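Now, the feature entries from Swiss-Prot:
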| type | residues | note |
| --- | --- | --- |
| MOD_RES | Ser113 | pyruvic acid (Ser) |
| ACT_SITE | Ser113 | active site, schiff-base intermediate with substrate |
| ACT_SITE | His118 | active site, proton acceptor |
| ACT_SITE | Cys141 | active site, proton donor |
Amino acid sequence: MVKPLPRLRLQGFNNLTKALSFNIYDVCYARTEEERQRYIDYIDERYDADRLTQILTDVAEIIGANILNIARQDYDPQGASVTILISEEPVIDKKQAGKELISDAVVTHMDKSHITVHTYPETHPQEGIATFRADIDVATCGVISPLKALNYLIESLESDIVIMDYRVRGFTRDVKGKKHFIDHKINSIQNFLSKSIKSRYEMFDVNVYQENIFHTKMHLKDFDLDQYLFEEKARNLSFKERMKIEALLKLEIEELFHGRNLAE
């Protein structure tokens, strides 16, 4: 839960922009080209625009935002995107309420408060590795905090590797004219993760406190080969095959975690 600083009396609207970005990876091994294509088809169906819309709608509810508009699209041959425009204020029908009653905060800050997701399934052409990446951005303006949705998003997707960035930009001014560049306490994104998630993941931080930039990346601690095999069981493979596949998967996980090629 976000720990707020003592409540401030603000001059006008809270102009702080808080942005949380996720890169979530699912890694899989599919032995044949046909199996790899079936994995892509499976992921494409499991995380189509309808499912992603439901996940992001849940996120909006969790952080206490009001949905203004939803745009979604499935792509050919694969992938999907969803964008939800949100506001801190309740949605008001201009036709019923009259333009003069529409909150300036809603109109002014519509372009800054949004939730988006894009998916990227892909496969290695020879080595049997298949990956699924979901990029999620939650940007809010005002007192709404995207950090409230951290645990839900990690649990909602098949998260072998998670890379998260959180930053706070802008300022809000109190009634005495003093500027405040952040309105809650934080020294790590890990502060807002559940004990269950912390127990399952190895985590690494790079934070720039004076710039209000927080970066955490993590991967699952335990490696269970069966969890990474698509349409196959480890017990049906020879010892040599298991060792080869395990080495390929662990290398892929390390490279995605560190963001660079390690085998060259």
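Cβ coordinates are placed from backbone N, Cα and C, and glycine is handled just like the others.
Shown on the structure are the features that Swiss-Prot records.
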| residue | record | Cβ within 10 Å |
| --- | --- | --- |
| Ser113 | pyruvic acid (Ser) | 27 |
| His118 | active site, proton acceptor | 17 |
| Cys141 | active site, proton donor | 25 |
Cys141 (active site, proton donor) and the residue listed as 'pyruvic acid (Ser)', distance between Cα atoms, whole Å: 6
Pairwise Cα distance for Cys141 (active site, proton donor)/His118 (active site, proton acceptor) [Å, integer]: 22
